[in-house]
């Protein structure tokens, strides 16, 4: 035990000289056991040790005093192993046996091979001498040593940086505020009302001499704990350290009273900020001292100038009246002012009468005829009554134009000392307490005072504003306001207070007469229609029939969980309590749990009820009529709900509400404001000079593009005359990723994010939705991959043919996207767009292993470096073009009608039987079936040979006399043909509609027959369908093979020729060329003078010439013009 306790010390203090005392024993599978001896056992010989495969213990031959320390490969921690005394074989025998013999499982052959390779690496490794500890050296656990830099053998480490942590000041910022990154200061996200308190302030306390002028200076009033009642040393808040202060350090001081919206003051032992006005969103917080606190810190409050007072008054009045252009501070004041406009309108419109005024009054003395007076006002002196009328007439003007002065924040207010003064007028205006019981006996004897007619002068005064009576004192104004508030309170109590309640049905009334009138409905007196079951009386038969439904067998309220039904909803709510399981209701259909009966009732009605309400416009059905009405709005064009912020219109009110919550919420507006102040870092785009490195290229402008849409936009703007089918990159399929979307709450898997979202909303209500892939931001250094939170997995790619818009140059990967584009960009064609949708372009894939024919006629293996995009996209498009391939050995028959000579008629039609041949570039032996070879990116694009595969055709030709008259202009003529060429239209020619094919004369053909490949002078290869357009060949070269009419050779000619042309991209027309070979020409070495050179570019075409002698032997030559 002592040896084991000292093992860690011996291990850590081992030096270079102690390596002999710590032998390492190598076992199979790369396991290493190291024996650490104690101090007095260092001279012992090596012990025979077997390291167990499970890593829990080891076995020694004898009870030696040593400790075996196991180093965990995962984290490098050390642990001691228990000792088991047992006699074991020698090391050689132990090492020859597999270590994993204790396990029940047997390793496979592949795992044994991997273990052998690991053993070989461990055998080659030799530990270095342990270097002394130096903090400048980097430790390598694999080498068990330190290095001055990265380990040379094992390479550099893979660092994972710490996640950045915000400072205390920024982390403590409330959610309703944000700090501007560029301007500085604290701004609001939403409206903050007046009298909102922030704080307390946190920060270190220092002396005044250590303060900085960049922040507001705040002093803390403190008492000395040792000396009672005496102040301690003055200490100030240091607001310069973000790690020790909270967010209030970022609030900047106000320069004047106009921009100040916070006051700083000390309450207790803390400093707080309080808002002195309503702070609007996106407004900065500016603080200054309160009046008393400013005197404490030897500062002055900001004086309010007359201009600032006007601005403040206009800012506070945010409720304008559209009748008289006045503004008010609150909606209540505006509503009271609008009532005054209503009174004026009623007084002006109604005619005069000698009786009492019938105009609408809010709080007048006029009463409805036959209505008794409830509350009486005691008699007041005449002077007080006149003054009261004056107050009531001018109270509206006072309430909205009152100006307050005072000592608070420098504002001048009227002295409030007069508030405590009690005058006789105040006593007269304050009525004594009145008891309702004492007034009921006097109600009959009291008559209301007469109301005189309002003179015309008074009506004229009501139509316009007039200044306040200067004789009214502030006390009179306050008393008038109290009278009006008391009247409003009385009106509210009168409307809401219902003390008289019916004992039978529980209905409440404000008056006793109403209750007595209601009680007659419960008895037989005064009611002709009486219920024979409960005795309740009704005034009409309709009301009785509605009541009898409650006593019928058809119960209206049935239980969802059993067969019980009730005539009242209250009884049903009491009953459903017995169906609760652990405080929750379980849906009888899907076993979902709900805490409220209303929720489970809505769930059953929405998802498990029968859909009987069918839509007349479509096939959808609903279980409720209100849902059907909402759905019918989809088929209408009316949009009655308008967003007042952005002007967008909606058909449904709930959609408008969702729009307001999603697009115009305060947090989003605050983010927009923050985004406006941000300046995007301008990245200087350096145009690349490697044109071939781009996937999508415009060869007319020699410009490359990274994306397909950029090339389409470029062609539509710069080259509108060019068709998209003429660009080979735009005919290639579109590669889209294919993903699986997993539900993180169950085992469901979906192919689209929208279906997964609908599943979560329906089956997991209230659960959090996974983030959208489109809104993910790249992870920073040390942060986890954001794709892990989306619960998606990439399962492969899908190659789809592009779908072109019939009205513009746009291309889309699916028909649905294209239809959406038409509805948005071409609404005039959305109803007939289905018939004009272009079918996806078909891409032909060629796969073959042909021979390569060189210029000397021999067949050799060619190493062709193909274009990276062409080869990769060709392999990807193989899955799409199976239907367009023609099986090997299939024959197609075409009919060719030649044109006779001048004055001659049409010759007999000739049928040419052509065998389809698949031609592809020869595969490189170094590619190893690899689609992308990095070495091809910088190879020069110079090609001198390509693959040509030759097959046979059979020609059924008529008599020689008819053939002699057949002549076609624009095609290569035979050496014996000396007649003038005649133009042949493309409508009369029937070209072979298969690309990348060459023809060769059959070896058993009639001697003297001549084979031609014709290309008319007006032939344009871009106008043909996509099947015969440019195919994938090296250097974007394309073979155009055509069948020709056999022409009888001359008598002295023993050789015939067949010519094929290879044209490159960008060459719109290819004129026919006459290739003549003298009869004495040597086979295999054609004269260069035979090649046509008239007006042809050197890099636009290749000419393939096949020479056949009289014996049937043929030879092929590839030359450049």
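Including glycine, each Cβ sits where the backbone N, Cα and C put it.
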Annotated zinc finger segment (source Swiss-Prot; candidates 452-474, 475-497, 613-635): 613-635
From 641-664, 665-688, 833-856, 857-880, the residue range that Swiss-Prot assigns the feature zinc finger: 641-664
The annotated region 'Disordered' range in Swiss-Prot, which must be one of 419-473, 529-583: 419-473
92-125, 126-159 - the one Swiss-Prot records as region 'Disordered': 92-125
Candidate ranges 500-522, 776-798, 891-913 [criterion: Swiss-Prot lists as zinc finger]: 500-522
Contacting positions for the zinc finger (557-579) when only residues 6+ beyond its ends and CB under 8 Å are counted: 550-551, 585, 588, 597, 600-601, 604
Secondary structure content, the zinc finger (641-664) (per DSSP, counts of residues): 11 helix, 4 strand, 9 coil
Cβ contacts under 8 Å made by the zinc finger (585-608) with residues that lie 6+ beyond its boundaries: 560-561, 573, 576, 579, 623-624, 762
For the zinc finger (613-635), residues assigned helix / strand / coil by DSSP: 11 helix, 4 strand, 8 coil
